[in-house]
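Let me begin by presenting the structure, written as structure tokens, before commenting on it.
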Amino acid sequence: MTCTIVVGGQWGDEGKGKIISYLCKKDNPSIIARGGVGPNAGHTVEVDGEKYGIRMVPTGFPNVNAKLAVGAGVLTDPEVLLKEIKMLEKFNVGERMIIDYRCGIIEDVHKETDKSNEHLSKEIGSTGTGCGPANVDRAMRTLKQGKDVESISKYLGDVSEEVNEALESGDNVLIEGTQGSLLSLFYGSYPYVTSKDTNAASFAADVGVGPTKIDEVVAVFKSYPTRVGEGPFPTEMTVEEAESLGVVEYGTVTGRRRRVGYFDHDLAKKVCRLNGATQIAITCLDKYDTDCYGIIEYDKLSEKGKAFIKEVEEKVGVKVTLISTGPELGQTIDVRK
């Protein structure tokens with residue numbers, strides 16, 4: 001029995017979807033539970049060459065044997081959820097989905113408020129998905145809960161009970177974090193942050209799991225960190241530099257071009273300390289050095305690639321156990337014992 005949390009180590013878009021999908025296939029958890037803010041965070045999952053952009057359904061959906069859960073702490077947009085369940089019909093998502101009956105519900109008024117608020121949309125760079133305004137209503141105790149919405153009633157359940165029962169039965173459980181640690185309302189570059197905390201402890205609370213039940217925390221870092229929206233970015237490079245390195249990316253939810261920077265070891269160390277990270281996953285090593293593309297054995301990585309991994313381990317103080325060298329699940333180096 002292992003309970004693992006996957007957390008973003010930067011400003012989101014670290015490639016958590018790829019790492020989560022890999023862990024769900026390799027470790028075969030019986031339940032995959034999503035924590036985080038809500039549908040403001042997008043993940044791209046590639047299965048057999050086909051890409052799926054999702055915002056509500058857990059990223060581990062390709063594992064057709066696992067239950068898929070959205071915790072009570074996660075805001076739910078019924079319209080987005082139902083669209084994704086339909087899009088993922090061939091994965092039998094609808095039969096495996098559990099939405100906690102206590103989750104907060106995003107309505108049209110929240111999305112309209114988010115988009116029309118000049119401070120949020122222009123100064124902060126909000127995604128416009130209604131999460132911030134919905135969390136305001138939640139704090140005021142006026143927000144609807146899942147149990148109040150008929151359209152999703154067939155998917156409702158008690159996620160905390162499901163997860164804890166799975167752990168007590170000796171099953172593996174994977175908790176998906178969203179966005180990134182540096183976007184945390186508490187620990188990020190306020191006010192250029194999201195509307196709640198985005199660290200491992202909060203993700204555990206989102207799905208109703210106590211801290212002593214957590215065995216592993218995997219912090220995911222991209223070789224070239226990126227950021228969407230406003231706010232500080234200490235190692236940011238120019239657009240020209242990013243293009244010369246072939247690093248041009250766009251956000252899954254907003255479609256906005258991502259800002260790109262160099263790896264920041266000091267910030268990575270702070271993030272690992274904040275989350276109690278037990279291991280690190282590095283993604284897009286093939287972007288850092290194209291000679292690493294598709295390599296699946298550590299010893300066959302280029303010297304440049306190995307040096308990058310070694311420097312991360314030495315400066316951050318946490319072992320790198322997973323290395324992504326391409327978009328496919330098979331393009332992963334796994335050095336876990």
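Each residue, glycine too, has its Cβ placed from N, Cα and C.
Values in this document were obtained by computation on a predicted structure and should not be read as measured data.
Copied from Swiss-Prot, the annotated features are:
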- 12-18, 42-44, R258, 284-286, 324-326: GTP binding site (BINDING)
- D13: active site, proton acceptor (ACT_SITE)
- D13, G42: Mg(2+) binding site (BINDING)
- D13, E14, G15, K16, N40, A41, G42, H43, T127, R141, Q179, T194, R256: IMP binding site (BINDING)
- H43: active site, proton donor (ACT_SITE)
- T252, V253, T254, G255, R256, R257, R258: substrate binding site (BINDING)
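In this structure the residues listed as binding IMP are D13, E14, G15, K16, N40, A41, G42, H43, T127, R141, Q179, T194, R256; their two most distant Cα atoms lie 35 Å apart.
With every protein chain in view, the residue among the binding-site residues G12, G15, G42, G255 whose Cβ has the most Cβ partners within 10 Å turns out to be G12. G15 (GTP binding site) has R258 as its nearest neighbour among the binding-site residues N40, R256, R258, going by CA to CA distance. The Cβ neighbour count for N40 (IMP binding site), using a 10 Å radius over every protein chain in view, is 27.
Highest local Cβ density among the binding-site residues K18, R257, R258 belongs to K18, counted as other Cβ atoms within 10 Å over all protein chains shown. Of the recorded residues, R256 (IMP binding site) and D13 (active site, proton acceptor) place their C-alpha atoms 12 Å from one another.
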